[in-house]
Amino acid sequence: MTNGTNVLRVVVVGNGMVGYKFCEKLIAKAKDITLDITVFGEEPRPAYDRVHLSEYFAGKTADDLTMAPLDWYFDNGIKLHLSDPITNIDREAKTVSSHHGLIVSYDYLVLATGSAAFVPPIPGVEKDGVFVYRTIEDLGMMQAHAKKARKGAVIGGGLLGLEAAKALLDLGLEETHVIEFAPRLMPRQIDQAGSDILKAKLESLGLQIHLNKNTQEIAGDGIITAMNFADGSKLEVDMLVISAGIKPRDEVARLSGLEVGSRGGIVVNDKLQTSDPHIFAIGECALHDHMIYGLVAPGYEMADIVATNLCNGAKEFKAYDMSTKLKLIGVDVASFGNAFISEPDCQTIVYENKSKGIYKRINISNDNQLLLGGILVGDAEQYNMLLQTVNNKLVLPKDPENLILGARGGEEDSGAGVMGLPDDALICSCEAVTKGQICHEVAENEVHSVDGLKKCTKAGTGCGGCVPMVKDLMLGTMKEQGIYVRNIICEHFDYTRQELFDLVKINEIKSYEGVLDKFGKGDGCEVCKPAVASILASLWNDMILAKGNDIAQDSNDRFLANIQKGGTYSVVPRIPGGEITPEKLIVIGTVAKKYNLYTKITGGQRIDLFGAHLNDLPVIWEELIAAGFESGHAYGKALRTVKSCVGSTWCRFGLHDSVTFAVEVENRYKGIRAPHKFKGGVSGCVRECAEAQAKDFGIIATEKGWNLYVCGNGGAKPQHAQLIAIDISKEDCVKYLDRFLMFYIKTAEPLTRTATWLNKMDGGIAYLKDVVVNDSLGIAEELETEMAGLINNYKCEWKEAIENESIRKRFSHFVNAPEVKDPSVAFTPLRDQKRALEWVK
Amino acid sequence: MLFGGREIMTVETATETWVMACSVTQIPENGGGCVLINDEQIAIFNFTRRGEWYATQNLCPHRQQMVLARGMIGSAGDEPKVACPFHKKTFSLESGQCLSGDAYEIKTYPVKIEDGMVFVSI
Ligand SMILES: Cc1cc2nc3c(=O)[nH]c(=O)nc-3n(C[C@H](O)[C@H](O)[C@H](O)COP(=O)(O)OP(=O)(O)OC[C@H]3O[C@@H](n4cnc5c(N)ncnc54)[C@H](O)[C@@H]3O)c2cc1C
Ligand code: SF4
Ligand code: SF4
Ligand code: FES
């Protein structure tokens, strides 16, 4: 399709998801064609991921959502004009002109102008506090308004409406209402029974849902105060989001005489050409066969087709599969294939569990051979497999109900399903990646991580829905090649940490040897011993040096101190929140002097005493404990410190008493064992002097309460903690912390900090937040109870150790000469103190 | 010979010198302890799980630290081993070979138990 000259001039109108994808594909395909691409975008920023817009409220920034940075356009020679919409097309001259007056010629013009929110003509829609939800700017305005709003509503109970409702929940509104005109939610995707279950489930998560409601007026004097309905009822709200459908942006096309549909949309043929063969339309503005596709995957497919055709390929757009799977406020909803076909045209199998909020329906051909489509609410785990079964016309098993119920009683073979698919099965529909391509990368190019596969195949980078399947394929392929893939603990335990955690818990095993006898083999090692010891400690919080378990502890835990160069130990008494009396400071000084210890203030606002002989540890602690100190657990995979700033007690900016909160939280979680160490911080205002966002959990005072951040990290790979709750009370904050920490303790791999744990988590921060704040897994109560058990079981380990003669005896370097200290220990002077002798290198 | 007021008994046989190191109760089950014999630090391991006793030098050859007795013991395949608490290098309790891929080697000593006492041959 080139024009004879050397350079192909392409102008793209709209820099949204599809417009961007088109540029990316065109550049990739144009191997021997020289391109001159100009892009005009109306929005002030380069294309971003609109599908994940709601994550903005859950802590993502505009940068996180960006599809490609500005450099990318520059590096690929694309002239990008932002904040400059196209206002006119001169089809004769083949030029476009922009709002700022630029005139650019094209050989081919691609319209990717997307759509706008459809706003029904309800009186009062222009009032303050009424929003649409489509762009980052919309989000910014909603966020600003939500600060002074208490009750919010959304008009529209479809996919986008429920996304908007989630955004209102995330913004922390006290009440969120969903108003739907139809008798059911998501009328395009699910049936009445599915909607009933979804409604009940969403209501239990805090939404108030009103069906069959026709909004007649938006009341208020300049700013919204209430909504009046056709049935005479009224709802007081101070914020409203309208999400009643989309309206294709066809105004420029219309103006230049291109054919548009009667209800909007730029008419295109199978090549996605408009009525002018030099102009294409793709994405949400294109009307193909009377259909507007309001999802990103078909838009990407359109981008691919036009890019291919411009590079002399030949591809046509066919009616697109509108199967979708979404997580709405933590509830899975999926519909695939022909979801609504019903008897007598097919046989329908339905599974419904009202108490768990699960509804599943599959439609099967009358000859029992093929799966035609279905609906899943509450649990969509089988979605990918079911969709593949429909799309690849796989012959159904004898008992098709097993597809939604899972094989009962038999061997489970979750991974085997995907491996049985044909090589050309489309796994990622957003990026058109097949099973064959993924397996090839895994097998031939040894790509063994989902992230790696995302990079080289782009699978899973669109809506992300196929990621679990990509992972299964990766694991399946690796298994076929004999590569061991489960994250098992070590050669002695064929379990992951989480599996072992559950087994130990259910079987109530309390010693390392007991666990090894029952679930392990061989004699254990330095990997599984501390891992199991940590599980035991997290489960029962018994004295960690209880007989038999002491030897399973790493040296630091075994001697309740941190081993340092030269074989001496450091001693760290707990100083909760960094608050300490002069009397206690003097005791630390006296002890340090007496036992000749080097002292240093740590990063966690406490004092570390270095250079203690093993033999001296019990006497040192005896003196510290007598003065009221407790173990600081600096040696354990446990809570270190909760750092605080001085807050409202002294600081002129302080909003609340951050020290008191830090002391309370540190005392609450002290001694609790976890997969790795964890730290906290509490700041008295946004100035953040306690650096709480660099901690595993961070609490920052706000005007109305506290903001809670989780999964931050200093250390080698710094990472900011992410916001999961806004303006909450102290009680709620502690409640969420209980759940968060216990969930981490139960599910993280050994030696995984919270940040890494989060980075590996499917669904990321949005999922974690759903679990912790919205209780999407229904385990909040269990987590809180388990945490309470651990807290109640707390005892200072050092107090127990010095009071127990047989434990105390272990603190000698020579068993045959307990009073002799290790003669190999040596120090050298350093400033006014000393340091460990450098070791050989 | 006297050390720290304690007498160390040596028993000479035809080929080896057995030195009484400590009593079996002084070394924790499935763990280790260090004894001082003739100014030498020796790590003794009570591998209850395997029903075996082992003795090695206490010095970790990696950074020359006197700590092996404080390491965790276990097995790699069938090979009994100890892991240094500092950088987790592991050493065979039988051959003394470093099992984590370095060229280090530690000394190992024969051990025997008689009348509840641990004897090491040095
Ligand atoms: C909150 C939300 C959640 C969603 N969730 C999902 C989901 O879970 N799954 C899914 O598949 N889809 C989802 N979608 C839909 C998906 O985002 C769209 O299908 C997709 O963004 C369409 O891409 P597009 O490029 O066609 O349009 P857009 O992304 O809207 O981009 C069009 C761009 O063109 C610009 N433009 C318009 N006119 C002009 C002009 N004259 N000159 C220059 N620029 C112009 C617009 O400002 C815009 O930036 C969601 C949408 C929203 C809003
Ligand atoms: S974070 Fe705020 S309250 Fe705390 S010390 Fe800094 S300025 Fe003061
Ligand atoms: S940063 Fe490195 S050197 Fe410093 S205390 Fe931590 S581990 Fe030791
Ligand atoms: S000192 Fe023993 S492993 Fe480094």
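Every residue, even glycine, has its Cβ placed from backbone N, Cα and C.
The [4Fe-4S] cluster binding site annotation in TrEMBL covers A:C645, A:C651, A:C685, A:C689. Secondary structure at A:C689 ([4Fe-4S] cluster binding site), taken from DSSP and collapsed to helix, strand or coil, is coil.
Taken from TrEMBL, the feature siroheme binding site applies to A:C689.
Look at TrEMBL and you will find A:9-290 tagged as domain 'FAD/NAD(P)-binding'.
Annotated domain 'NADH-rubredoxin oxidoreductase C-terminal' per TrEMBL: A:323-393, in sequence order.
The annotation domain 'BFD-like [2Fe-2S]-binding' is assigned in TrEMBL to A:426-474.
Positions annotated as domain 'Nitrite/Sulfite reductase ferredoxin-like' by TrEMBL: A:564-626.
For A:636-761, the entry in TrEMBL reads domain 'Nitrite/sulphite reductase 4Fe-4S'. Within the domain 'Nitrite/sulphite reductase 4Fe-4S' (A:636-761), the DSSP-based counts of helix, strand and coil residues read 43 helix, 33 strand, 50 coil.
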Per Cβ pairs under 8 Å, the stretch of A:9-290, A:426-474, A:564-626 packing most closely against the domain 'NADH-rubredoxin oxidoreductase C-terminal' (A:323-393): A:9-290
Mean predicted confidence [pLDDT] for the domain 'Nitrite/sulphite reductase 4Fe-4S' (A:636-761): 93
Cβ atoms near A:C645 ([4Fe-4S] cluster binding site) (within 10 Å, other residues, all chains): 27
